[in-house]
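Accompanying notes for the structure given below.
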């Protein structure tokens, strides 16, 4: 499909002109969070805001815009193409870690899922001492970001269980959210099957509890049937503002920290554009919104971090903080593959049959309907007590309670999450037609006649903790730069805490098999093919989990809020200011102190909205206002 022209003109500026301007605020990263912050700050015409984005502009590209092409941008020029170091817990495998390298960041690459965690997840943040970050403190910012469109078809609403709590949803925000108008043939069967297995339909899944089975919403504009993301919602409508300036393809080297009377202060950013280096100044603040991978990377390149890491990299220590890049938490995912009824329309048809793809493209162009409007929306969140037999669950709980590596407040929260009485969504199941598992290629022997479906299983509260750091200095002694990829080490399944995650995931795979054999879903499932049906022993299944676990693309915690323990436990305070540095904040998913149950997109928008409001509050207070 040919790219469409942008709906509005995108202002262009040279790097020299950008560097020559005087900005009040500089935002590093024009992604999911960064464009929110920039748009909200520039609502005040007296403030000048500059945004530096490493990627290009992808506005109008069908690979980004068309819902049914989700995933096609992974591994392309829009992706940083990071990968983990070899993981001992995954039999030595390295995993790809896609991150958006384009204006809009990962909001331009994700699968458009729009959901929220449970109230308990955010109230846990506040229990750690992060004032204002409980459910009640974040809900207004969720609503500020979103504009919910009710489905127009009553028949579609009834058939596909499109249910919501209107009071919990935003009605006038920049990001358009909606239910799809078409669903896969498995969707209604999935919902009924989970009901049969005792999972209740959640009629208010965005209102404080995500437990149960429900139909997901997506960040899709129902008027155009295109992706709604930070570019279309926050940037393009405001691109004509004279006080909002965005420079793309600008690679940030470091935040410039100046010693002012013994206090390190962020005064600007050093960046590279088209092979030349520049420094641009910020009179008030620099705001890092580079994401969970690159916000800690840029802090370390700027001299803020663990002295051992910085020393090994040949970077002078300005502010010592051993928490930078630590506390990495990531949803862990496995994908069980089933052979299904070959008569059903399947997303794989578009990958294997050029004629089918051409027909789908024409249908989308002419009527905004058909396969390219369908997203994976069949989800269910369940507590372990629903999935794991009591005789197996109690030993897991005892092992969790015996873990000692976490500080007391965090340990208490983790233990609570494992408690069956908590009724939290500890595992997400998502079912979709098509083969999602990169480890299971379509067998050539079937001649393309067999069709497949995937049951994703995603661990929501992992015990595994990892890190992201800059690499050591080069052999010639020179320090690493922004193009030296960070060392991403999630430590999946390592140590006694990782072994707990592994056993939990193996039990989840057992339950996925049970789902597939329960009517009415069983009516379209022919057999399990990956792992093969003959794999029934728990230890064999455990080995399969080790060999096939992949990332769910939801990293958090690498610049987390420190709460009551301050710099002893985190990188930023509850107003998102970096400890030990004046005029520097982090506003993105990296500040999340604990992982949540749910996809991150909506939460990152809420964090950005709340963070921007804090910046404006502090600005007004500095001017003597309210």
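For all residues, glycine too, the Cβ spot is worked out from N, Cα and C.
The Cβ of residue 554 (active site, proton donor) has 25 neighbouring Cβ atoms from other residues within 10 Å, across all protein chains displayed. Sequence annotations record features per position, and here TrEMBL assigns active site, proton donor to 554.
For residue 599 (active site, proton acceptor), the Cβ neighbour count at a 10 Å cut-off comes to 25, with all displayed protein chains included. Annotation comment: TrEMBL describes 599 as active site, proton acceptor.
Residues or ranges marked as FAD binding site in TrEMBL: 102, 106, 252, 553, 554.
Per TrEMBL, the feature domain 'Glucose-methanol-choline oxidoreductase N-terminal' maps to 100-123 (among others). Nonlocal intrachain contacts for the domain 'Glucose-methanol-choline oxidoreductase N-terminal' (100-123), taken as residues 6+ away from its ends with a CB within less than 8 angstroms of a stretch CB, comprise 29-35, 53-59, 64, 67, 70-71, 73-74, 77-80, 133-135, 137-138, 142, 146, 177, 205-206, 208-211, 216-220, 227, 229-231, 235, 246, 248, 291, 375-376, 379, 417, 422, 424-425, 553, 594, 596-599, 601-604.
Feature annotation from TrEMBL assigns domain 'Glucose-methanol-choline oxidoreductase N-terminal' to 291-305 (among others). Only residues 6 or more beyond the boundaries of the domain 'Glucose-methanol-choline oxidoreductase N-terminal' (291-305), in the same chain, are considered here, and those with a CB under 8 A from a CB of the stretch are 28-29, 31-33, 80, 82, 97, 99, 105-106, 252-257, 313, 315-322, 324-325, 328, 468-470, 479-482, 486, 488, 555-559, 571, 578, 580-581, 586, 588-590.
In this structure, 252 is the one among the binding-site residues 102, 252 with the smallest number of other Cβ atoms inside 10 Å of its Cβ. DSSP classifies residue 599 (active site, proton acceptor) as coil under the three-state reduction.
Taking a C-beta cut-off of under 8 Å and a sequence gap of six or more, residue 553 (FAD binding site) has these contacts in its own chain: 97, 98, 106, 110, 331.
Here the domain 'Glucose-methanol-choline oxidoreductase N-terminal' (291-305) returns a mean pLDDT of 99 for the predicted model. The secondary structure of residue 102 (FAD binding site), as reduced to three states from DSSP, is extended strand. Here the C-alpha separation of residue 102 (FAD binding site) and residue 599 (active site, proton acceptor) works out to 20 Å. Note: the CA-CA distance between residue 599 (active site, proton acceptor) and residue 554 (active site, proton donor) rounds to 7 Å.
Note: the domain 'Glucose-methanol-choline oxidoreductase N-terminal' (291-305) comprises 11 helix, 2 strand, 2 coil (DSSP; helix = H, G, I, strand = E, B). Classification of residue 554 (active site, proton donor) by DSSP places it in coil, neither helical nor stranded.
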